[in-house]
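**Q** Sharing a structure below in structure tokens format, with a few things to ask.
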Amino acid sequence: MGLSGSRLEPQELITFKKLPTNVSLESIEIPESPKNRRPTNVKWLVILGIFIAVFLPFLIYTMYYVDLKRIQVGYDKCGNVCGKKNAEWSGIECSGKNFTNLPYMQYEGYSRNQLVQLDVDFRERRCVASCDSGHHVFEDVCVKDRDISDYFVDDIGFGTYMHSVKWQVIVCCLISILISMGMVFLFRYAVRFVVWGILIGSLLAFTVLVIGIWVLYGNMSDTGRDNDPRYQVLGFAIALTILVIGLAIVLIWCRKKVHLVILLLKEATKAVFDMPGLIAIPVVCTFSIMILTAIYLIITFFMLNAGTLTPLNERSDTYTYQLNTVMKFSIVYNLVVYLWLVQFFTGIQYMVIAGAVSKWYFARDKGYLGNPIGTAISIAFKFHLGTVAFGAMLITLVQLIKSIILGLIKNEKIKVFVQSCIESIEKFFKFLSKNAYIITAMHGQAFLRSGKRAAKLIFQNIDDIIAVNFIGDFVLGMAKLLIVAFTLLISWAILTIAPGIQMQAEHGSLNFIAYIVIGLVSILSASISFGVFETTIDTLFMCYCEDNMLNDGMAKPYYMSRNMMEFVQESKVIYAKKA
């Protein structure tokens with residue numbers, strides 16, 4: 001059913017917001033004002049805080065058994081670390097040695113490559129006061145002169161090359177930001193051209209690619225082997241052909257809905273340009289998650305190097321530091337905290353953007369908005385962090401279940417199938433959670449109530465949802481891809497004109513490091529720029545659904561723009577003819 005096939009009645013909004021029955025729809029304010037809001041799902045914010053607090057003793061316990069010098073230098077067969085006075089372990093007589101005067105670790109008969117591969121017998125390592133002849137001290141480890149020279153050649157080669165192209169890389173990164181801004185301006189002033197250009201251009205490009213792959217397959221000879229690359233090319237050709245046919249069918253089926261996508265993109269760009277501070281929200285969120293990820297990786301690194309001194313096996317007099325059950329549990333606990341907090345930060349981003357955009361949408365005079373972003377931030381942090389914590393917990397739970405199930409499956413083919421199914425469920429949960437956050441930002445209700453209303457609005461406008469999500473996400477995804485492609489193309493031209501120091505053949509792969517750095521920056525720039533649009537479009541669509549349900553455009557005027565009003569009227573005429 002389309003726009004007019006609504007199963008939600010306007011009067012249900014009063015029940016949803018728990019208002020007295022004598023309240024009129026005209027008096028309902030969207031988004032709900034701060035004075036009428038109450039904190040939602042508070043217990044889940046408390047649970048998140050308790051969950052993190054409970055983790056701290058496990059973290060402290062595990063970190064207590066971490067020794068930085070042990071990680072850097074290593075230890076002998078009894079667990080004694082070079083260059084320090086070691087603690088004695090109960091029941092291990094050879095532990096607890098004072099190696100203050102033996103600061104270096106000597107590996108007997110092994111090259112640096114074998115050391116990196118951890119291919120070392122513990123009985124062949126010892127602490128020494130000075131390195132043997134033919135060895136050099138490197139970070140308190142005795143390394144063969146030949147190996148240390150190879151290491152410095154690699155290190156100097158990499159550092160010298162990156163230093164020689166640093167300004168080229170900086171310029172290319174700035175260009176990627178300018179290209180992202182330029183694409184945003186194109187969406188603002190030529191959105192119809194951009195959308196149809198991306199859709200038709202992508203279809204033509206994929207079609208040419210499919211033809212090329214089929215020609216390649218036809219020119220390949222059959223070797224008769226089971227792992228014949230011809231079969232891999234055939235599989236890729238079939239998959240891409242299905243993708244192209246599916247894209248063509250969807251575009252034909254949804255060609256009239258593309259107009260709605262264009263309208264929503266127009267409205268989204270208007271909202272972003274009217275509230276340019278929206279761009280700062282995903283920037284702050286992205287860098288917060290990057291800092292959180294860095295902290296998580298550092299903590300995980302140390303936790304993985306913790307351990308208690310344990311015999312290598314029952315009959316061995318060689319001891320190693322191994323993780324005990326509590327430490328393994330702490331590592332898993334650390335992962336859960338990280339995943340939960342990542343989804344929590346992402347949810348706050350959605351909540352703030354949704355609050356500001358809904359304020360913009362339901363304002364009759366968009367020239368006098370006050371401070372919608374500041375108000376949205378205040379509302380999110382004052383009233384709805386519990387709702388975000390609850391939604392983040394649900395997504396984290398799905399991710400954990402996915403990891404457990406995939407870990408139990410050994411068959412690779414079955415694992416791929418199950419993974420695709422579970423990832424679809426995970427995406428569905430994220431989609432529902434995001435829309436629940438939007439409804440909470442609009443109406444100030446708890447997660448489950450908001451999620452239920454969001455689901456009803458989605459299913460009663462399922463045709464439009466499919467069009468907006470498939471076509472809209474595809475257009476924005478291709479826009480991001482174009483930003484990265486143009487950036488790398490310009491970078492190639494710049495690095496060709498000013499290539500920096502030319503490396504020897506064995507260091508040729510270092511040239512790709514510059515492209516990797518530039519590519520990552522361009523991906524980050526594109527994701528931040530269009531991440532705002534994705535959330536803004538989803539919010540505008542929810543506002544559009546509420547507006548279309550509560551108002552009729554005559555006695556009760558719409559809040560939507562004139563172009564969207566015309567689209568609604570056209571849709572109602574089409575629906576009436578079908579009925």
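Backbone N, Cα and C define each Cβ position, glycine as well.
Please treat TrEMBL annotations as automatic predictions, because they have not gone through curation.
For 44-66, 167-187, 194-217, 233-254, 275-304, 337-362, 383-409, 481-500, 512-533, the entry in TrEMBL reads transmembrane segment.
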**Q** With a cut-off of 8 Å between Cβ atoms, can you find at least three pairs linking the transmembrane segment (167-187) to the transmembrane segment (512-533)? Only pairs 6 or more residues apart in sequence count.
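**A** Contact between the transmembrane segment (167-187) and the transmembrane segment (512-533): present.
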**Q** If you count every Cβ pair below 8 Å, which range out of 233-254, 275-304, 383-409 shares the most with the transmembrane segment (44-66)?
**A** 383-409
**Q** State the non-local partners of the transmembrane segment (383-409) in its own chain: residues 6+ outside its ends, Cβ under 8 Å from one of its Cβ atoms.
**A** 34, 37-48, 336, 339-341, 343-344, 346-348, 351, 415, 418-419, 422-423, 425-426, 429-430, 433, 436-437, 440-441, 444, 446-447, 450
**Q** For the transmembrane segment (275-304) against the transmembrane segment (233-254), do we get 3 or more Cβ-Cβ pairs below 8 Å once near-sequence pairs (under 6 apart) are dropped?
**A** no
**Q** At a C-beta cut-off of under 8 Å, are there same-chain residues at least 6 beyond the transmembrane segment (233-254) that contact it? List them, or none.
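**A** Result: 199, 202-203, 206-207, 209-210, 213-214, 216-217, 220, 466-467, 470-471, 474.
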